[in-house]
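Here is what Swiss-Prot says about this protein:
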- 1-32: signal peptide (SIGNAL)
- 256-281: region 'Disordered' (REGION)
- 307-310: motif 'CXXC' (MOTIF)
- 582-602: transmembrane segment (TRANSMEM)
- CYS601: S-palmitoyl cysteine (LIPID)
Amino acid sequence: MEGPAFSKPLKDKINPWGPLIVLGILIRAGVSVQHDSPHQVFNVTWRVTNLMTGQTANATSLLGTMTDAFPKLYFDLCDLIGDDWDETGLGCRTPGGRKRARTFDFYVCPGHTVPTGCGGPREGYCGKWGCETTGQAYWKPSSSWDLISLKRRNTPQNQGPCYDSSAVSSDIKGATPGGRCNPLVLEFTDAGKKASWDGPKVWGLRLYRSTGTDPVTRFSLTRQVLNIGPRVPIGPNPVITDQLPPSRPVQIMLPRPPQPPPPGAASIVPETAPPSQQPGTGDRLLNLVDGAYQALNLTSPDKTQECWLCLVAGPPYYEGVAVLGTYSNHTSAPANCSVASQHKLTLSEVTGQGLCVGAVPKTHQALCNTTQKTSDGSYYLAAPAGTIWACNTGLTPCLSTTVLDLTTDYCVLVELWPKVTYHSPGYVYGQFERKTKYKREPVSLTLALLLGGLTMGGIAAGVGTGTTALVATKQFEQLQAAIHTDLGALEKSVSALEKSLTSLSEVVLQNRRGLDLLFLKEGGLCAALKEECCFYADHTGVVRDSMAKLRERLNQRQKLFESGQGWFEGLFNRSPWFTTLISTIMGPLIILLLILLFGPCILNRLVQFVKDRISVVQALVLTQQYHQLKSIDPEEVESRE
């Protein structure tokens, strides 16, 4: 600043109503985050750049959420000054210059929103007193709304650290790489952690000198967020591309014993395996059914003697079982909290009672057996193996306590099971034969009802010898891998639907699961039962050609039914035309037979009835011609005489 223009500031002259600073840049990979889970973990990089030289003063990367990834940033004042600072001759080119920089106070002014009178880049946005919001000076510049604070750390008193250890002899005590003897620390305030980082932000920094012009430098702070997810192309529908038929089962070849190389032969470097490709529609859904079968066969072999496992065509495609478990605390995000394991899908069906975290509303407290209160601090709660946190914002393997403290988010620890229904063979065959009628629809058994609670302690039943939990088996790992693959495909379809800029027909085509199951049904891989796509399974595994298996079983049942019939019933079954002929002439024949049997008797009775009526009529006619004589009593005649 120009000394004659105005006097040096006093502590009570600082204007507390300075401009609001918004700092940082959020670099996203082309995907909107408005629907992402607040617990989603990203690779966040904060970068402090000297705008005068273009050099990076600090680049700090960490795994964290958008709510708690605000670390302390450490760098040196000379990283912001450079070798030469303005035309004053100050700078950090020499140890003396670096030592002299320790004697000056400094103050910082925001450059993103510059109030009237604070100047521009040339003035470092500090054109007048009251524009500064932080720094290290005797009047202690600060603000209650600023997003950062920039202060000195413990500054060494001796001159040794100001010498560059790579450019001087080893007899200089305390020499440091680059001669760093002006350490600074940048911290985010509460306002900064709640702010919206929507672009690169710049500050001006000036050294406070009692006389003359205060030298100026500028620096920026940016935030980069990497691995947020795959880019979604704008163009033709991306859903149909991976609807590939299932691959043939690979025959397992027994490994051959290694043969010793011939003498004098050069060693052969084995070829690396090609990178694995994402499974197509057929393989992905068959892997899901096969994983469900493997887990069911391991825990309940009696249920897999012969059964049908069906995928539902309509949502929900997954259901959760609330469980009690012991989560682990981590001060930093563990590896399993990566973006690949985050899902913004909502779990609409949760049963049971389990462990809850956060502010659970009354409408969902029935799912909570225990509600855990989080302690103060910023750390991560990692779900135990085989489970996941089902939150009102999506599915996540890890929770950020910072998010829970700042929001009304709540989560339940659940086991995640695909919506695979279990049907007995009799029910399926009866539906296709249409011979069995039910007064009410039988209750559908799902994988969650059959296996729910088997991965956690207490309810965790032993498998095999009774000492191995289901979560530790290869069968369960196979099911979990299939679940994550299918969830990724569903989420990709949802994202494509959200970003679709094409016609309505393409939007309708992106009913992903319905398309997938239709694809399998048309290929004969599954049997369509109402709203389900069913696969046949027995102790040999899941049959891929389920329609052929269904036809085979129906033919066997038909032959067994025919073998139990008599020759007369078999005659009708073997001659369809005879059945039609008999049903056509049977009515008239029965009527004719009844006439022949009962006709004469009825006719005789009718004739006799007619004769009786005629005789009565004749008698009446004859009596009309005569008069009845009065009868005389003989005794009365004698008495008269």
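Note: Cβ is positioned from N, Cα and C throughout, glycine not excepted.
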Cβ-Cβ neighbours of the residue listed as 'S-palmitoyl cysteine' (radius 10 Å): 9
What DSSP reports for the motif 'CXXC' (307-310) is 0 helix, 4 strand, 0 coil
Average pLDDT across the motif 'CXXC' (307-310), rounded to a whole number: 86
